[in-house]
Amino acid sequence: MAARHRAGKTIVKMDNGPREKLMRYGAADLSDEELLAIFLRTGTPGMDVMTLAKRLLAHFGSLYGLLSADIRPFRDIGGVGMAKYAQLKAIGELARRYYRSRPCEETALLSPTITRDFLESQLAEQEREVFLVIFLDSQNRIIRQNTLFTGTLSHVEVHPREIVREAVRLNAAGIILAHNHPSGRAEPSRADKMVTERIVKSCQLVDIRVLDHLVIGRGEYVSFAERGWI
């Protein structure tokens, strides 16, 4: 582990282990701590970067919790200043923009995990309730994603007829529904369940499958399909 001095303080730098591991085996072989350490590059006075990465992930519980946090919780971690906070906010925003910029025809939602990650990138930071529909072809490739309805902090009005009309226009074989709960709690309301039933019945009339409805909170989600509601 190398160290350098700055204005009387010792800044502990990362050794080349995680970088060398990435170059030799690929990024997928690295742990969350190792990837985070590569991005942060240096630790804080008296703390090497791997220890800092582990401490950050333990404090916030997950990568999602870390990258979506505001500045206040960082003040509880000694030595983490505005520069480190800015780095973390930048990587979170880059991840969201990466998902948004991927061409639709290259994005196939082949697993619940991919679907959840994709939708979290679209919805987790929204300050109002929005209702998004992903229109899919027969191979589960995205034809288009549309935010069809936008509401208030606690409610969004959804019209099944408009969803069906757009699905037919796009010749979609299936759709995935999603909306966010800005409050942070992902548990669906009774109204969420009722509107989902109405959409499913409307889509059945034109032979379009509703594959799932995901409710996205802060650091949590609920899948109607996983709970057996669809």
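Backbone N, Cα and C atoms are what each Cβ position is placed from, and that goes for glycine too.
Summarising the annotation, Swiss-Prot assigns Zn(2+) binding site to HIS179, HIS181, ASP192 and lists sequence analysis as the type of evidence. A helical conformation is recorded for ASP192 (Zn(2+) binding site) in the three-state DSSP classification.
Averaged across the domain 'MPN' (108-230), the predicted model reaches a pLDDT of 90. What Swiss-Prot lists as domain 'MPN' is 108-230, and the listing cites sequence analysis.
Same-chain residues lying 6 or more positions outside the motif 'JAMM motif' (179-192) and placing a CB less than 8 Å from one of its CB atoms are 123-124, 126-132, 153-154, 156, 158, 213, 215-222, 224. Under the heading motif 'JAMM motif', Swiss-Prot lists 179-192, citing sequence analysis as support.
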For HIS179 (Zn(2+) binding site): DSSP state (helix, strand, coil): strand
Cβ-Cβ neighbours of ASP192 (Zn(2+) binding site) (radius 10 Å): 20
